[in-house]
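Trainee: I grabbed these lines from TrEMBL:
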- A:45-63: transmembrane segment (TRANSMEM)
- A:70-94: transmembrane segment (TRANSMEM)
- A:100-118: transmembrane segment (TRANSMEM)
- A:125-145: transmembrane segment (TRANSMEM)
- A:151-171: transmembrane segment (TRANSMEM)
- A:198-221: transmembrane segment (TRANSMEM)
- A:252-270: transmembrane segment (TRANSMEM)
- A:291-321: transmembrane segment (TRANSMEM)
- A:333-353: transmembrane segment (TRANSMEM)
Amino acid sequence: MPTDRNADNYESVLTGASKDVASFEGEEKGFVGRLQEMLHATPSLVPLIVLVAAIIIFGIALGSKFFSPFALTLILQQVQIVGVLAAAQSLVILTAGIDLSVGALAVLSSVIMGQFTFRYGIPPAVSVMLGLTIGTAIGAISGWLVSRVKLPPFIVTLGMWQILLAANYLYSRNETIRSQDIETEAAFLQLLGVKFQAGGATFTLGVLLMVGLVAALAYALRSTAWGRHVYAVGDDPEAAELAGVNVHRTLMSVYMLVGFICALTGWVMIGRFGSVSPAVSTGMMGNIQSITAVVIGGISLFGGRGSIVGAFFGALIVGVFELGLRMAGANPQWTWLLIGALIIGAVSLDQWIRKVSQ
Amino acid sequence: MTTEPILSGRGLIKRFGKVTALDSCDFDLMPGEILAVIGDNGAGKSVMIKTLSGALQPDGGQVYVEGKPVNFQSPIDAREAGIETVYQTLAMSPALSIADNMFMGREIRKPGLVGQWFRKLDRPAMETFAREKLSELGLLTIQNINQAVETLSGGQRQGVAVARAAAFGSKVIILDEPTAALGVKESRKVLELILDVRSRGIPIILISHNMPHVFEVADRIHIHRLGRRLCVVDPKDYTMSDAVAFMTGAKEPPSEAVPA
Ligand SMILES: Nc1ncnc2c1ncn2[C@@H]1O[C@H](COP(=O)(O)OP(=O)(O)OP(=O)(O)O)[C@@H](O)[C@H]1O
Ligand SMILES: [Mg+2]
């Protein structure tokens, strides 16, 4: 036995140590502390509160003109493109990435679906399927560059954005396929634009798709192993890898799913606009619009935190502001001023909520 | 000795640019033993266990499990072989709950259709299991199994990581400084757990800078120096001062303890 061991046997007093479970006074934190913890646990709460408040304020100010089933469902129709793109963007941002190419991929996919049908005479349903497949494949390329080649997502998707936008103009030869032509010859392409009424409210299949998609992704992220892995990879990829997550496979699945959802957005766009045009603003603006919705929705740009439902609320907030201010006859610049303030507010709040952990 | 090592390495080499972290390093873990690994900061202890656990791939040399050469490409491979590791960095996802972290990469799904078709996680089962394992470790100060790991103290986090490894390790458990952030009472619990795991017949690799702990529980001590195994000593034959002297190079290791 070595002699210098436990010269002072300090551990022997442990036998007398309290065996009680530590208990803390929950009240000590006060209202602000508990609010902080609540928001930490349920990050979509803030955008929900902002959304409800905005609807109530516009409802009071504008009366039934705004607060009607018609106007409120009109908002849903107006946000369906950004809403679906925001779902895709949320997934990438949860992995601590960012995707600047979402809008361009959506437009390219709509052009592929349209041109495949009209240029090559492929049945529209098959064209849609091919569009979705190509979108997924393009997502796989971005995913591979991020995950295997280890390029920063910002750079990969910045390049991809330019490539896809240019490919979109080159391939379409800058041609627009007119709405009437699609309607008479390939109505299936406009399927997601099909409207139906329910007591003054108007829904389209595209709106249902958006809501269904958000619900499905929210479920997958919260209640499946894949969803937990997406969060873990966004939180700390090295820790996730050591803990037994296949980081490469998770990232690939996310980028491929994002490509698929972007292509789906292309199909939604045909339903919404009727026509197929390579020049729609989504190609240029889709990325910023979706990132805006995601940030207002409380998803952290550092990854691993936030909920996709929050991003959906974020998209709705933008839609409510746009329609409400337009109805109020305000200069549209007010919308962007308010949205800008919301973005900064949302990120400040995110910083504050994160302090719970320190 | 005639028994075969359960986990071993021969001539392991690992370089990071100009830094040679493992310099033709050998390693042996015998069945049922507690092997302590000691060495200065930066000696290459963590890099060595990472090459054994699949987290790093060696540039040279070979890892063997029960005498058979293995090439782990990731920690998942090592885990499938029954080797469970607590890394020095703990490998936790701070924003996720304790239960989520304990089951990361081996989640339990609900039985039946919901689990099979909707891949729904069996949260209650995972939570019950996680709570049980934490109680065994005496980590009762954790009140809520659903609390995010980032809201735990450093020591509690370490406790969760140890509980995770102990719960799932079936062949070898590797602990890289598992008590560094723990209090006196919690360290004692981890040492008890280590002895308990050994009594279940599972060998343990314990990396630690805490000499009293090492000398208390270890069956053999692997002294690591400058990226390789300097010698292996029996704690009954040497004092802590001897071990520290070998480890720092103040004293030459006894020739009989130097492996061939
Ligand atoms: N990922 C890495 N990249 C570059 N160098 C590394 C990396 N990991 C370890 N090293 C280097 O390898 C050497 C051994 O490091 P290692 O972490 O194994 O030391 P250690 O013995 O575990 O020390 P400690 O007691 O401080 O944990 C160090 O010089 C370190 O700088
Ligand atoms: Mg180390």
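The backbone N, Cα and C atoms fix where each Cβ goes, and this holds for glycine too.
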Trainee: Contact between the transmembrane segment (A:151-171) and the transmembrane segment (A:198-221) is defined here as three or more C-beta pairs under 8 Å separated by at least 6 residues; is that satisfied?
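Mentor: They do not touch: fewer than three Cβ pairs between the two stretches lie under 8 Å.
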Trainee: Tell me if the transmembrane segment (A:151-171) touches the transmembrane segment (A:45-63). I count contact as 3 or more CB pairs below 8 A, with pairs 6 or more residues apart.
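Mentor: Contact criterion not met.
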Trainee: Please identify the stretch among A:70-94, A:151-171, A:252-270 with the greatest number of Cβ pairs below 8 Å relative to the transmembrane segment (A:291-321).
Mentor: A:70-94
Trainee: Within the same chain, where does the transmembrane segment (A:151-171) have neighbours whose Cβ lies under 8 angstroms from its own Cβ atoms, ignoring anything closer than 6 residues to its ends? I mean 6 or more beyond.
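Mentor: Sequence-distant neighbours of the transmembrane segment (A:151-171): 92, 97-101, 103-105, 107-108, 111-112, 115, 138, 141-142, 145, 278-279, 283-284, 287.
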